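Beneath this line is the structure, given in structure tokens, with notes to follow.
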Amino acid sequence: MESFEKLEKLLSYSFKNKELLIEALSHPSLRQHHEYKDDKDYERLEFLGDAVLNLVITEILFRNFANYNEGNLAKIRSYLVCKETICMVGAKLTLKNYIIMTHGEEVAGGRDNLNNIENATEALIAAIYLDSNIETTHDIIEKLWAEFIKVQNLTDYDPKTALQEWAQASDHHLPIYRLIKREGASHSSTFTVLVKVKDYEQTGTGHAIKEAEKNAARSLLHRLKND
């Protein structure tokens, strides 16, 4: 496990209360470990972090996307706070290297488990909020999510809806998605999905079926635009 100082540098934030940081990175498996003296793990912080993240992302979208209606804002927010995006932020922070877990959890692939990375990322947001204030937390979230927020094309946020709308506008049947391949262990599988609309088809991959479907839809949309 790497030192917390490296993580704080990536965050551009130094915790005043290091116990909050430790709690945010403590996997629930530790509660069953006889040598673990504390009964705290990241589950409660994750609950708070989810709410803080939703609030901050909602405010950012409301401020930056003045021409988008409520429906489109909701779709973009859904993309920004979904498991895949949160895990990409966690990957940027190399968060899997900092999660404190039992040896058994680690051997079972816990460091690459997307649920663990998502939960720890949300818990980390809550820890920053409790250690500082909403303004500081807002700035950190805006920085970490910047590359995703910059995408202003709804196609990139919600490619499945965009592809469905294209199919309907072109008088085609709705897109059909089919899982064609699954590779890897159960905790770190890679899925390949084929999407088909009329005579057009494209594949996409991801660590979840929904992610693979989105990537397939996005690839097909890009192909249709370039044809």
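In case you wondered, yes, glycine gets a Cβ from its N, Cα and C as well.
Sequence-distant contacts of D50 (active site), defined as residues of its own chain at least six apart whose C-beta falls under 8 angstroms from its C-beta, comprise V81, E122. Mapped onto three states, the DSSP output places D50 (active site) in helix. Annotated active site per Swiss-Prot: D50 (among others), in sequence order, evidence recorded as sequence analysis.
All protein chains considered, the CB of E122 (active site) has 26 other CB atoms within 10 Å. Residues annotated as active site in Swiss-Prot, with sequence analysis given as evidence: E122 (among others).
Annotation comment: Swiss-Prot describes E46, N119, E122 as Mg(2+) binding site, evidence class sequence analysis. There are 20 other Cβ atoms within 10 Å of the Cβ belonging to E46 (Mg(2+) binding site).
According to Swiss-Prot, the domain 'RNase III' annotation covers 4-133.
The domain 'DRBM' annotation in Swiss-Prot covers 158-226.
Sitting within 8 Å of the Cβ centre of E46, N119, E122, and not among those site residues for Mg(2+), are the Cβ atoms of Y42, E43, L45, F47, G49, D50, E118, A120, T121, A123, A126.
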